[in-house]
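Novice: Not my notes, these are from TrEMBL:
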type	residues	note
TRANSMEM	12-41	transmembrane segment
DOMAIN	71-284	domain 'ABC transmembrane type-1'
TRANSMEM	75-96	transmembrane segment
TRANSMEM	108-128	transmembrane segment
TRANSMEM	157-180	transmembrane segment
TRANSMEM	217-238	transmembrane segment
TRANSMEM	258-283	transmembrane segment
């Protein structure tokens, strides 16, 4: 081929893309394929891998109560965190989209948890939710509450405690995305709705919500994917306890892979999680396309 071809605009574009492509292959595609292959093996790092077919996957659903518990915990976490995070993020965006005094400051305050390290947040909230010396229970005892909740120290309140922290952290991100969507809605639409006798509540439901549908779809997909991959809060705040009450799928992958060195079994769990996330994403995409077509 001629020198002109190799220096053409198309080839120059590929040259710039090449580092990203190589990085994607090395750090995403190859590990992904390797983990899929490994899920059909029994391997503890020290001994050679032994091919066992679908045994890891069969064991997950027939002989592993901790996996089933982790799956239930993860699903409950997604059910709670996604809608509350999106709803509160939308409310915050609507409020902070007004011409209020100090609005820039409050936007920064809401967004601060998003850019704060998960480790730092988890350590602070672990102290706040401590059943003995935590801030919340100290206040409750000061208010003469005889038996305050055990929070992360009890089975009933451990998972809700993590959910509260996750919702608090995700509000800021959702708020920023919703703000971008709100600022793209023409003000003329609200003015027209007002002329037609619509109040703010009706304008919100019949103007704001429909026009925010693409934004809401994007946030929902991202929120579900992130929620299914919850790890840091569960690891640092409770280590999956008490009694596996806060064990999640990603945390269980970590435990099997790097605590018990069951690499093949950990890969099988990871692929089950991948399939679950893929199904939810495709289902959401299908529902969104149906709505747009209607």
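Any Cβ shown, glycine's included, is placed from N, Cα and C.
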Novice: Do the transmembrane segment (75-96) and the transmembrane segment (217-238) share at least 3 Cβ pairs closer than 8 Å, excluding pairs fewer than 6 residues apart in sequence?
Specialist: yes
Novice: Which listed stretch (12-41, 108-128, 157-180, 258-283) has the most C-beta pairs under 8 A with the transmembrane segment (217-238)?
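Specialist: The stretch I would name here is 157-180.
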